[in-house]
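Report on the structure given below.
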There are 2 protein chains.
Amino acid sequence: MLDWHGKGLSVMEMSHRSDDYVAIAEKAEQDLRDLLSVPSNYKVLFLQGGASQQFAEIPLNLLPETGTADYVETGIWSKKAIEEARRFGNINVAASAKPFDYLAIPGQNDWNLTKNAAYVHYASNETIGGLQFDWVPETGDVPLVVDMSSDILSRPIDVSQYGLIYAGAQKNIGPSGLVVVIVREDLLGRARSSCPTMLDYKVSADNGSMYNTPATYSWYLSGLVFEWLKEQGGVEAMEQRNRAKKERLYGFIDASEFYTNPISVNARSWMNVPFRLADERLDKAFLAGADARGLLNLKGHRSVGGMRASIYNALGLDAVEALVGYMAEFEKEHA
Amino acid sequence: MLDWHGKGLSVMEMSHRSDDYVAIAEKAEQDLRDLLSVPSNYKVLFLQGGASQQFAEIPLNLLPETGTADYVETGIWSKKAIEEARRFGNINVAASAKPFDYLAIPGQNDWNLTKNAAYVHYASNETIGGLQFDWVPETGDVPLVVDMSSDILSRPIDVSQYGLIYAGAQKNIGPSGLVVVIVREDLLGRARSSCPTMLDYKVSADNGSMYNTPATYSWYLSGLVFEWLKEQGGVEAMEQRNRAKKERLYGFIDASEFYTNPISVNARSWMNVPFRLADERLDKAFLAGADARGLLNLKGHRSVGGMRASIYNALGLDAVEALVGYMAEFEKEHA
């Protein structure tokens, strides 16, 4: 951390234009490209501001002032994306999980897509609701834009199905304060004149994400995660690992009469598993016992309550086994 | 780094809404407030995108579409601020160091200020040119906005003289990817309807800079720097330390016939000391010898060439002595 490869300084202290740092940054990008088999006609950008800034950046870059963009609403994050995009133009909510109480995703046959939409936007995994697409929408020539903040790198994807993929780093990539954007080159250069320079994808792409000083240390740490992922066997190995984890946890919940997850089976998230106890007055005791065992951060999001186990790439099956073990023990004591 | 206070996790892994992290974030803010004696009617924000994003954020928040803002141009960074602001409204360059070849700062008597300007913007220190204000402009009721990216915390300031202070973290605060904004409360809530939510100061202020996940680890590391600064004796002690450093270095350069810094004495930067060798064909040998002695990053910015010693807070007088020692030795060999 303090002395990078015997050079006498930390990566944090390097100029972002130095040969050493540029090599670090380029290797991180290449490793990510390898992991996701990113085609050569896509740019990979390392930006700031999180997914929430992308909610504005996407329409500012891709939605002409007189155009329409289609959005699919499946939970809190896709809803936030819609609210922000509405500030910049005409947004059509082509489909919503609301009629299903956000427990299922409407099939594409029921979507009301706009002809010649500027793009179609959806969130592949809703972190808070625990609702995940197990399929990719078909939008023909209309670019598909996806918020993959919480499931990128969790299993293989076909990047060529998308016009733009974005992901806040803090789930499966690295520290918060970094957001990765993978964008098809033909979508660059369309930003509105009112788009701040720092939010113009083409400017970022033309400058290798170094129009100004990037989040150098976060980029470096993300590169270490990409290296680790490659060592583990890449996203194919992650898919196996994550499948085993989610099958163990949902399997246990479904077999129990004390814990519930009401989401329809094919829309259940592999990354975020919300669950409820039979009696919510036991929530506090459950969380305290979990904390005492080092099972941290199980409290559900303040907007929904209950519990939520986030089982991102970094967690092994052993961690899920430890959680299931504790859940079984707690059930025995309190059921 | 990996186990914060025995809690079994890194600060990087904490939820930004957890009690532990909120306490870290609040302490960092309070320490910064203490260091700069920030009055209670100012908000302190920890944002992303660097100073370059502020170049857009400032007019989007403070410049009405029909108003005018005054800018003072003293080098590359203030020029960039002007170029970006022009995309959002009417900008008057009230003064420029260009007629002085950027070697001196025009006195305020020669500034052409706009009556009822939305604000007056300047850069207190030009990192690349090495030009620094040793005085604060007087703008009466017009808010004074300052880019302090490269000299914040280097010596005491009177925050109440400013409407808004901003500073990219990567010089005197912490890792890149974080920008600190100190803004007077009455300037909040003026953002244009076309301002992205993430760029609206009021939204950031109302949410304690946590409208979305902030750059948590960078914020934490900045807090460690603030703690260190307090232990050192605060900005008063930094002023003494920095004064000694710059006097030693400029004193040596001025006494030498081999090295030159042409900037007028009262506008010389305490933080960035550009200098030239008598013969620029020796630049390469000078840099190689410096690198071999662990004197790193002395190459001037690619836009200006020559040498530049950045002697931020973190550097002690011993580092300047080591540099001066090497410069003397090199001069003896090559003069």
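FYI, residue positions are counted from 1 along the chain as it appears here.
Backbone N, Cα and C define each Cβ position, glycine as well.
Keep in mind that TrEMBL annotations are predicted by a computer and have not been checked by a curator.
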Given TrEMBL lists B:A51, B:S52, B:T127, B:D147, B:Q170, B:N212, B:T213 for pyridoxal 5'-phosphate, the same-site residue among B:W4, B:W77, B:W111: B:W77
Diameter of the pyridoxal 5'-phosphate binding set by C-alpha atoms, the set being B:A51, B:S52, B:W77, B:T127, B:D147, B:Q170, B:N212, B:T213, in angstrom: 31
Listed recorded positions (B:W77, B:T127, B:D147, B:K171) that sit near chain A [CB under 8 A]: none
Alpha-carbon distance [B:R17 (L-glutamate binding site); B:Q170 (pyridoxal 5'-phosphate binding site)] in Å: 25
Around the Cβ of B:A51 (pyridoxal 5'-phosphate binding site), the count of other Cβ atoms that are within 10 Å: 25
In sequence order, the binding-site residues (B:R17, B:S52, B:W77, B:N212, B:T213) whose C-alpha falls within 10 A of B:K171 (N6-(pyridoxal phosphate)lysine): none
Listed binding-site residues (B:S52, B:Q170, B:N212, B:T213), ranked by Cβ neighbours within 10 Å, top entry: B:Q170
For B:D147 (pyridoxal 5'-phosphate binding site), nearby residues of its own chain (Cβ under 8 Å, 6 or more apart in sequence): B:A51, B:Q54, B:W77, B:S78, B:A81, B:H121, B:Y122, B:A123, B:S124, B:Y166, B:A167
Of B:R17, B:K171 (the recorded positions), the residue whose Cβ has the fewest other Cβ atoms within 10 Å: B:R17
